[in-house]
Amino acid sequence: MGATVSRPEIPESLTTRLQKRRFIRRAIDAHGFRWLVYAVAASGFLTDSWNLFATNAILPSLAFVYWPEETSGWRESLINCMTLGGSAVGQLLFGYLADKYGRTRLYGIELVIVLFTTIALSASSTGVNGSIAVLPWIASMRFLMGVGIGAEYPLSASICTEWASTSARAKMMVAVFLMQPLGQLISQLVAYGVLLGYNKTYNLQSCRAPSEGDCGKIVDMIWRWVAGVGAIPALIAIIFRFQINDPGLYDLDVKDEGTRAVQNTMTLYGYRRMSTQIPDSENDGESIEMSGDIMHDGHHMNGAAVHHEPEEELPEQFSRKDLKDYFITQGNWRSLAGTSMCWLLLDIAFYGLGLSNPGSLAKLWAYVPEGTTLTDVPSWNPNAAKPQSSIFEALRDNAIQNLVTVCVGSMTGCLLLLLIIDYIPRKEFLTYSFVWMAVLFFICGGSFFSVFHNDFHAVSIVLVALCYFSFNLGPNTLTFVIPAEIFPTRYRATCHGIAAAAGKLGSVLVQSTLPSWTVNGVHVSDPNSNGLGWVFITYGFVMALGAVSSWAWIPSLQEHHRVGGGADAPATATVLRTRGPPSLRLPSKTLEILGKGIVQARNDGELIGMRDNFVHLWSRLWKKSRRD
C-alpha cells in the first residue's frame, strides 16, 4: 500500500548504488522528526495496543455473561494465550514477508485483519438456545486478531527506522512505542465511560448475576461496545497507510531498484528536483555540485561523489550462503540471541504482571481484617475481599485500579524516555534498567509479605506502579527500539519479528503456567495466599538474566562521545555532525554502520559475547584485587 504520485526527476550524476545510498542517507538526514512517517507507524501501533490490552477491560464482562459461576479463570487464560500466540505467528510471518516482498506491500493487511476480527469478536453469539459455543469463537477471533497485532511490530519498526533521520531515529521509535501505554489508557477510559453511561441509564449497582432482570443483556452490550470501538482507530490507520512508499534503503539494498529508491525518497520529502550542496565527508568536506536545480523546500544537499566507483555486489537475501555468512561466520547470531532473550525475559515479567491482571491488582488493593478467611469468588469479580460486589462495582474498581496502577506509570515512564532518549547510551541504559527492575521486583516481593491485606497495602500499589513506570522508561520500550536498528535492511523485519515473537513466547509461557504456580501447596491465585510476593521475586531473577543478556550480546548503537559544534565535531561516517554549541546528545550510528554487525562493533573495540565479556570482567576484577 504505497502512495501513488508522479515520479520526480533524479539527478543524472547518480549512477552507482553507493552514490544513490549516500544521496538517500543525506536526503533523509537533512530532516528531523518526520511527522508523516510517525503518523503512519503510530496510528497502527495505537490500534494494536488498544485491541491487545482491551482484554483487561472486557474479560470480567465476558465472564459475567457467559460463565458467571466459574472461579478458576482458565477461560480468561485461554483467551490471552490465544491472542499472544497469534501475535507470535504474526510477528514471525509478517517479519519475513516484509523483508521478502516489501514493507508497504503488506502494510495495511495486518490492520484489515484487526479490523475484521474486532467486528467479528463484537458480534460473537451463543446462537439459538446455545447452538454455538461462544468460547471457541472468541478464542479463535482473538488468535486471528493477534496475528494482525503481531504483524504490526516488525512492519512499523522497519518503516519508521528506515525513513527516520539518524538524529531523530531513536526519538521517533520511542514516540511510536508511546502508543502502547496510550492505547492501554484509552481502552480503560472507554471502558469506564461506557460503564458509567449504562449505569446512569440502567442502574447496574444491583446486578450480581446475569439472570437478574436485564443484567446479562446490559453487560453484554458493554463489552461489545468496548471491543467494537477498537475498529475505529484501525480504520483511520488503514487510511494513513496509503500515504507512504517503501523506504529508499529497502528498495536500493534489497530489491536493487536504485531509481525507485531515490524517487521514493524525493517524493516523501516533497522534492521535484534536487541540488546538492552538503559537504562530502569522504572528500574532506568539499561540496560537490551535481545539478543546478533548487529543491522544493530550499534545502541543499550533496548527492554523491562524481568519481566512478566499482559497483558493489548485493548479498542474495535468505540464501543459505548469506544466512550462514551473516549469522554464523560473522557471529551476528549473538545480536539476534541478545535481543530475543531480552524480549523473552522482559515479557515474562511484563505480561505476567500486566495482562489478565484484574486479580493481581485486586490483591494489591485489598484490605482484609486480621483473622478473616476469604473464599473463592466468580472470575468476573476479581476482588475476593468484596464477595458481594455487583458487576458495576467489579468493572468500576477494575478500571480505576488499572488507570492508577498501570496506565499512569506506563505513560509517564515512556514520556520521560522520549525526553532523554538522545542523551543516554541505549545499550547501557537497557542493561542498567534491567538491573533496576530486578532490584525493584525484589523489593516488591519482600514488602508484599509484610503489607498483604493490611493497612499498609498501599505500599505494594505504589511499588507496582513504579514497576510499570520503570518498564516503559527502560526495557519494555528499548526491546522494541533496538532490534529495529542493529540489523541490516535485508533482515531487519525478520530479526525484529523473531525477537518480538520470543517475547510473546515468554508471555504465553507465563500466562499458561502462572495459574498453576503454588507456594507451600497453595495456588498463588488463592485469595488467602501471599504467593504473589514469590512471583515478584521470581520476576526479579528473570530481570537479572535480562541484564546479563543485554550486557553481553547487544552492540552499542551510539558513539561514546557527546556531539560538539563547529570544527571540534567528529567528522566520521558513523555520526551526523551538528552545528552550533556543544551538546549533551550522544549521536546515533547510521543504519548502514549498524548493519555491518558484530564485525564492525569489534573493529570499534566492543566486546560482544558471553565468553569475551566474562573473561574481560574477570581480568579487570583480578587486576583490581592485585592492586588492592
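Just so you know, glycine gets a Cβ as well, placed from its N, Cα and C.
Source: prediction; values computed, not measured.
The domain 'Major facilitator superfamily (MFS) profile' feature in TrEMBL is assigned to 37-558. The average pLDDT computed over the domain 'Major facilitator superfamily (MFS) profile' (37-558) stands at 88.
Residues or ranges marked as transmembrane segment in TrEMBL: 109-128 (among others).
If you look at the transmembrane segment (134-153), the same-chain residues 6 or more away from its ends with a CB under 8 A from one of its CBs are 44-45, 47-48, 51-52, 55, 62, 66-67, 75, 78-79, 82-95, 106, 109-114, 117-118, 120-121, 124-126, 480, 496-497, 500-501, 504. Positions annotated as transmembrane segment by TrEMBL: 134-153 (among others).
Marked as transmembrane segment by TrEMBL: 174-195 (among others).
Taken from TrEMBL, the feature transmembrane segment applies to 222-240 (among others). Residues of the same chain lying 6 or more positions beyond the ends of the transmembrane segment (222-240) and with a Cβ under 8 Å from any Cβ of it are 39-40, 43-44, 46-47, 50-51, 54, 57-58, 61-62, 65, 108, 111-112, 114-115, 118-119, 121-123, 187, 190-191, 194-195, 198, 395.
Here TrEMBL flags 333-353 (among others) as transmembrane segment.
Summarising the annotation, TrEMBL assigns transmembrane segment to 399-421 (among others).
Long-range neighbours of the transmembrane segment (433-452) within the same chain, counting only residues 6 or more positions beyond its ends whose Cβ lies under 8 Å from a Cβ of the stretch, are 342, 346, 349, 363, 458-460, 463-464, 466-467, 470-471, 473-475, 478, 530, 532-537, 539-541, 543-544, 546-547, 550. Residues or ranges marked as transmembrane segment in TrEMBL: 433-452 (among others).
Positions annotated as transmembrane segment by TrEMBL: 458-481 (among others).
With a cut-off of 8 Å between Cβ atoms, the residues of this chain six or more beyond the transmembrane segment (493-514) that come close are 77, 80-81, 84-85, 87-89, 91-96, 98-99, 103, 150, 153-155, 157-158, 335-336, 339-352, 355-356, 479-480, 483-484, 487, 524-525, 535. The transmembrane segment annotation in TrEMBL covers 493-514 (among others).
Marked as transmembrane segment by TrEMBL: 534-554 (among others).
Residues 44, 47-48, 51, 66, 90, 94, 134, 137-138, 141-142, 144-145, 147-149, 151-152, 155, 224, 227-228, 230-231, 234-235, 237-238, 241 of the same chain sit 6 or more residues outside the transmembrane segment (109-128) yet have a Cβ under 8 Å from a Cβ within it. Segment contact holds for the transmembrane segment (399-421) and the transmembrane segment (174-195), given three or more CB pairs below 8 angstroms at sequence separation of 6 or more.
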